[in-house]
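Working notes for the structure below.
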Amino acid sequence: MEKGQEIAASDGETKGPEQHAIDVGHVEHHADGKGEDIEQKRVAVAEEVQKKSRRVAALDAFRGLTIVLMILVDDGGGAYERIDHSPWNGCTLADFVMPFFLFIVGVAIAFALKRVPNIGTAVKKIALRTVKMLFWGVLLQGGYSHAPDDLSYGVDMKKIRWCGILQRIALVYFVVALIEAFTTKVRPSTVRSGPYAIFDAYRWQWLGGFIAFVIYIVTTFSLYVPDWSFVYHNDGDVNDGKQFTVKCGVRASLDQACNAVGYIDRQVWGINHLYTQPVWIRSKDCTFSSPNMGPLRADAPAWCLAPFEPEGLLSSISSILSGTIGIHYGHVLIHFKTHKERLKHWLLMGFSLLVLGILLHFTKAIPINKQLYSFSYVCFTGGAAGIVLSAFYILIDVWGLRTPFLFLEWIGMNAMLVFVLGAQAILAAFVNGWYYESPDNTLVSNGWRLIWRKNMVYLRF
């Protein structure tokens, strides 16, 4: 491939000061031609710096797509529940969001920690960023904000939800980034040729992922889950205040009631601190309307009304693998300099993971399950993420079709802002905060109606 077609990987940091420090202006010409040689060298250096500073736009577009998917399934999932999370086994559009997030976080870590001048400083930055994400996660998803429909704030500490999307991202980021930082001295500057050379070069990262995998698998299939009980809380419901008991007494269960993932969360966090509206209430065991929401069956088991944490502790340990796959794709982008090399490795790995996940699911060895973050789910979604990133890379960075994806790029470069305002309903809550006479008379809650007068004259649009 011609040199002009190559794109050097970049962490996206601004190189402005470095470029300005290079003088490519007027040079006095000497008879021996040395002046021209010096000028040519300086121009070559400036061009090299400029080339290295180019962002790989596909990464921003991928991150933007993930944010758009999250907002789409959050807002549209209620109206069209087939794109919402799968009630249990299986994978829907919404189930790709979390692993795609973790995948691109892994890719970003590879660039952010490409060079680590001081390990102590890097660890402090990693810890600080982790604490920030944990804080915002608890604030936005712990129950403190009731946005957008309820303008009140505050949470009962006896019922605060400790887990959530940002908390899971924080855990994965912390583990994967620490491994990357601490192994900086054993990482190669170049990778030797060979199909497995890059895996060997970053074996410590894969070892971290393997340890997470072993912890998850051993715990899932060996932990004994006893019977458990809960009190259902839902004002106005006929079952409000009733206590239910779920019969288990088993090991290695992957069903809704008796899996090790739920058991660990009940023991670690307490049953009152778990998510109270799990999607399994739309499963066939709970309603005849499955996969849509519907009335409970008369013979519905007790666990249909029980809480369950979809971003729990054990499943979050498994999700470290999604970040590990992502950082591997970032390493490929850093060390492989041609489009052909990158795409060959990305697509081969992507399709291999995809096929492995499908085989595990349809042989019923390990079903694809987002709520449990099963190994087949890691493989299936990790492979899909690699294929989607490859497609973006071909369209944007190879073929140069950047304009149609500028909107996704902008969202990707402002991911945290869009996530908080859009996916966490802060923008909708701000709009709802402007009401007429009653908090029920808002622009959002009344179907985007514009109040014209006190006599309730509306202009519909």
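Glycine residues also receive a Cβ, built from the backbone N, Cα and C atoms like all the rest.
Feature annotation from TrEMBL assigns compositional bias 'Basic and acidic residues' to 12-24.
Under the heading domain 'Heparan-alpha-glucosaminide N-acetyltransferase catalytic', TrEMBL lists 55-183. Each residue in the domain 'Heparan-alpha-glucosaminide N-acetyltransferase catalytic' (55-183) gets a DSSP state, and the totals come to 84 helix, 3 strand, 42 coil.
Residues annotated as region 'Disordered' in TrEMBL: 1-24.
According to TrEMBL, the transmembrane segment annotation covers 56-73 (among others). Under 8 Å from some Cβ of the transmembrane segment (56-73) lie the Cβ atoms of residues 7, 9-10, 12, 83-85, 93-94, 96-97, 100-101, 104, 107-108, 333, 385, 388-389, 392-393, 395-397, 402, 405, 407-413, 415, 418-419, 422-423, all in the same chain and six or more residues away from its ends.
The transmembrane segment annotation in TrEMBL covers 93-114 (among others). Through the fold, the transmembrane segment (93-114) approaches residues 9-12, 59, 62-63, 65-66, 69-70, 72-73, 77, 83-86, 122, 165, 168-169, 172-173, 176-177, 180-181, 184, 311, 319, 322-331, 333-334, 370, 377-378, 381-382, 384-386, 388-389 of its own chain, all at least 6 residues removed from its boundaries and within a Cβ separation under 8 Å.
The transmembrane segment annotation in TrEMBL covers 126-145 (among others). If you look at the transmembrane segment (126-145), the same-chain residues 6 or more away from its ends with a CB under 8 A from one of its CBs are 153-156, 159-162, 164-167, 169-171, 173-174, 177-178, 181, 420, 424-426, 429.
Residues or ranges marked as transmembrane segment by TrEMBL: 165-183 (among others).
Tertiary proximity for the transmembrane segment (204-225) is limited to same-chain residues at least six positions away from its ends with a CB under 8 Å from its CB atoms, namely 175-176, 179-180, 183, 186, 248-254, 258-261, 263-264, 314-315, 317-318, 320-321, 324-325, 327-328, 372-373, 375. TrEMBL lists 204-225 (among others) with the feature transmembrane segment.
The transmembrane segment annotation in TrEMBL covers 346-363 (among others). Long-range neighbours of the transmembrane segment (346-363) within the same chain, counting only residues 6 or more positions beyond its ends whose Cβ lies under 8 Å from a Cβ of the stretch, are 89, 325, 328-329, 332, 375-387, 389-390, 393.
Under the heading transmembrane segment, TrEMBL lists 375-396 (among others).
For 417-436 (among others), the entry in TrEMBL reads transmembrane segment.
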For the transmembrane segment (165-183), the distant same-chain contacts (Cβ-Cβ under 8 Å, at least six residues beyond its ends) come to 98, 101-102, 105-106, 109-110, 112-113, 116, 119, 122-123, 126-127, 129-130, 133-134, 136-138, 140-141, 202, 204-205, 208, 212, 311, 316, 319-320, 322-324, 326-327
Given the transmembrane segment (375-396), its same-chain partners at Cβ distance under 8 Å and 6+ residues beyond its ends are 56-59, 61-62, 65, 91, 95-96, 99-100, 103-104, 107, 213, 216-217, 318-319, 321-322, 325-326, 329, 339, 342-343, 346-347, 349-358, 360-361, 365-369, 402, 405
The predicted model's mean pLDDT over the domain 'Heparan-alpha-glucosaminide N-acetyltransferase catalytic' (55-183) is 87
